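Visitor: Just dropping this structure here.
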Amino acid sequence: MATVVIVGSQWGDEGKGKMTDYLSQEANVVVRSQGGDNAGHTIEFDRQKFALRLIPSGIFGENTTAVIGNGVVINPQALLEEIKYLTDRGVDISGLKISSRAQVIMPYHLLLDECQEKAKGAAKIGTTKKGIGPTYVDKVSRIGIRVADLLEKDTFAAKLKQNLEIKNQLFTKIYGVDPVDFDEIFNQYYEYGQQIKQYVTDTSLLVNDAIDRGDKVLFEGAQGTMLDIDEGTYPYVTSSNPTAGGAPTGAGVGPNKIETVVGIAKAYTTRVGEGPFPTELNDEIGDYIRETGHEYGTVTGRPRRVGWFDAVAMRHARRVNGMTYLSLNLLDVLTGLKTIKIARAYELDGQEINYYPASLAELDRCTPLYEEVPGWEEDITQVTDYEDLPANAKHFLDRIVELSETPLATISVGPSREQTIILRDPWRG
């Protein structure tokens with residue numbers, strides 16, 4: 001068997017789509033295992049750029065099966081819009097498969113997300129208001145509606161009625177907004193179910209059979225380690241597990257089926273929304289990196305917060321993911337900087353620490369301890385061999401490897417598939 005999990009090792013937006021695009025050239029199956037349409041990824045294919053939110057990047061591979069697994073929460077309206085977006089641009093989506101066990105984002109989840117965020121005021125966490133959190137809450141509360149339920153008219157009606165009895169009480173008595181209408185939701189979402197029915201199957205069976213046959217299976221992550229509900233900067237996190245452990249549970253396979261974990265990172269750090277960010281840059285250098293790296297959200301368009309590479313957070317990601325390799329993106333963005341900094345440790349209350357604190361209060365008191373390395377002026381966007389990189393760029397990469405305690409698999413020097421330096425092939429170890 002050959003299985004590779006791709007995880008974001010920072011706060012998301014690390015460029016996982018490019019690595020997925022590269023590895024999916026050989027993959028037989030590409031699986032999305034968690035999250036929803038709150039996370040966007042951009043893929044270059046056939047000289048076109050595609051911004052996807054739900055459908056796995058493997059949809060562009062010839063004879064590749066693209067799976068939306070049971071751990072994903074699906075907004076069927078967003079999914080159908082994405083299907084149309086792809087088919088209108090000539091993409092064959094016959095390889096798309098959707099888990100019958102995946103949870104469905106309903107209109108009341110979207111409204112509840114908005115009401116809850118507004119009620120928090122200054123304590124808001126910066127949700128994308130896509131209904132992700134409320135959908136996962138219903139899943140854990142065992143009242144969620146799954147894709148399989150959409151296809152059974154009586155089951156869907158009963159579950160929807162039960163949910164609206166609870167949700168409309170919240171809307172009218174707690175949040176002071178109008179209730180949502182049963183008939184409108186039922187008719188619309190039952191029709192959505194009929195439209196996606198042709199793609200729905202037992203994806204756990206499909207993926208396990210593929211692995212047992214010796215097919216190459218790629219697990220495509222969304223968000224990033226530092227947004228993980230357990231291992232991230234809680235409560236400023238997503239509602240699922242973007243770490244490597246979330247891949248087998250969200251795809252319906254055993255953990256012993258996972259062979260290789262590739263962590264994706266930028267040569268610097270970004271995050272969107274609220275929450276701690278020890279290496280954040282609020283100066284001209286931060287502005288330079290943001291503009292040069294086009295650091296604006298794929299889904300929201302929001303400017304991303306920018307900071308130096310954080311080796312403390314990276315070691316945390318290496319440990320909790322069991323990372324085999326690190327894939328470093330956007331090295332070219334740092335070109336032109338005279339000096340580049342890497343956070344090698346933190347100082348907390350006068351003591352040097354090498355771990356990432358769970359306490360937000362402690363994180364607020366942490367000061368990064370930086371190692372400075374010289375930058376480079378040479379254009380590296382056409383470099384395809386590691387040895388052809390400038391000496392200072394290679395020194396920077398050496399320090400990233402040493403401080404992150406993880407070997408490099410690839411280095412990205414531009415957005416296209418060709419602008420990738422391959423050091424190790426994750427499929428072959």
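Indices start at 1 and increase along the chain as displayed.
From the backbone N, Cα and C atoms, a Cβ is placed for every residue, glycine too.
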Visitor: In Swiss-Prot, the residues Asp13, Glu14, Gly15, Lys16, Asn38, Ala39, Gly40, His41, Thr128, Arg142, Gln223, Thr238 are said to bind IMP. Which of Arg89, Arg101, Arg302, Arg315 is said to bind at that same site?
Guide: Arg302
Visitor: Would you mind ranking the binding-site residues Asn38, Thr42, Thr128, Gln223 by how many other Cβ atoms sit within 10 Å of each Cβ and giving me the lowest?
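Guide: Looking at the binding-site residues Asn38, Thr42, Thr128, Gln223, the Cβ with the fewest others within 10 Å is that of Thr42.
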Visitor: Near His41 (active site, proton donor), meaning Cα within 10 Å, which of Asp13, Gly15, Lys18, Thr128, Arg304, Leu331 (recorded positions)?
Guide: Asp13, Gly15, Lys18
Visitor: Considering only the binding-site residues Gly12, Gly301, Pro303, Leu331, which residue has the minimal Cα-Cα separation from Thr128 (IMP binding site)?
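Guide: Of the binding-site residues Gly12, Gly301, Pro303, Leu331, Gly301 has its Cα closest to that of Thr128 (IMP binding site).
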Visitor: Let me know the DSSP-derived helix, strand or coil state of Lys18 (GTP binding site), please.
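Guide: The residue in question, Lys18 (GTP binding site), is helix (DSSP, three-state).
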Visitor: Residues with Cβ closer than 8 Å to the Cβ of Gly15 (GTP binding site), same chain and 6+ apart in sequence?
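Guide: Ile264, Lys266, Asn329, Leu330, Ser412 - these are the non-local Cβ neighbours of Gly15 (GTP binding site), listed in sequence order.
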